[in-house]
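Notes follow once the structure below has been shown.
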Amino acid sequence: MSSVRIECVAQEGCRIGESPVWDEKEGALLFVDITGRKVCRWSPVTRQAQAIPVDAPVSSVALRKSGDYVITLGTRFAALKWNEELVTTITQVDKDKANTRFNDGKVDPAGRYFAGTMAEEIRPAVLERHQGSLYTLYSDLSVVKHFDQVDISNGLDWSLDHRTFFYIDSLSYSVDAFDYDLQTGKIGNRRSIYKLEKEESIPDGMCIDTEGKLWVACYDGGRVIRLDPETGKRLQTVKLPVDKTTSCCFGGKDYSEMYVTSASDGMDKEWLSQQPQAGGIFKITGLGVKGVPPYPFAG
């Protein structure tokens, strides 16, 4: 695996960079800075990121079939018109909880937007527990709540046959699988398929490759790991030059490049001086596998 190459392509200094999504139409990488309250789009041609500021913590971004994007913003699902820099609320969740916000989100193969919530952090990964829930925004803009008692709702993706939904609640230190019904969007039969090792630290964002293997970014672990969801075995570890790796996706012309977001929140001056690229966006090439293009929200 000596051909693996890691490059910091955007030194954005994100406070909490998250939710990388490849936008094929724009030939660009979308991502958010949650506490920095901005949605960003990085072009490999100009090597610059454009940013749109928003009025609340923005935790995920997804493509929209009708054009532009959908985002999770505070406790709202919202639409984002890029050129107009216009955000409009679609619907709100967790209305009974003053202290929660959305975290990671992703669109399923049928065009539904899955996203979960968590309590606002006191400091990174320290928060009131069991305050979060997992939701789905359907294409008719209705919302379904799957379950609550979540600590930090995080990485999600679907198996290649769309029969399994993979999900991470970070403080369980586990990657879980559910049976998935693509027709209805219903999930059931939750089970753990991988428990993180101590040095891997906290499981965060996740994506799947065309061989059906999962890639998980390890927050405070400074790495992405490749897992076989069938055997529960770790197949590969790719270490990055920053500790707070947050999420990953495949992108580029043929989805053979991996993009990894990172965070700088919670790092003191000394730590930041040792890791000046913290909060940057990294590109990994030479992995020898490709990823699955993101699905657009159908609503």
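If you go along the chain as it appears here, the first residue is 1 and each next one adds 1.
Glycine is no exception: its Cβ is also placed from the backbone N, Cα and C atoms.
TrEMBL: automatically predicted annotations, no manual curation.
For 16-264, the entry in TrEMBL reads domain 'SMP-30/Gluconolactonase/LRE-like region'.
Long-range Cβ neighbours of N154 (divalent metal cation binding site) (same chain, at least 6 residues apart, Cβ-Cβ under 8 Å): N103, D104, G116, Y167, I168, D169, S170, P203, D204, G205, M206. Marked as divalent metal cation binding site by TrEMBL: E18, N154, D204.
Counting every protein chain shown, the Cβ of E121 (substrate binding site) has 18 other Cβ atoms within 10 Å. The substrate binding site annotation in TrEMBL covers R101, N103, E121.
Annotation source TrEMBL lists active site, proton donor/acceptor at D204.
Distance noted between the C-alpha atoms of R101 (substrate binding site) and E18 (divalent metal cation binding site) is 14 Å. The substrate site is defined by R101, N103, E121, and by the 8 Å test on Cβ atoms against their centroid, the other residues of the chain that qualify are I34, P57, S59, T100, F102, T117, M118, A119, E120, L127, I152.
The Cβ of D204 (divalent metal cation binding site) has 29 other Cβ atoms within 10 Å, all protein chains considered. In the predicted model, the domain 'SMP-30/Gluconolactonase/LRE-like region' (16-264) shows an average pLDDT of 97. E18 (divalent metal cation binding site) is 16 Å away from E121 (substrate binding site) when you measure Cα to Cα.
The Cβ neighbour count for N103 (substrate binding site), using a 10 Å radius over every protein chain in view, is 26.
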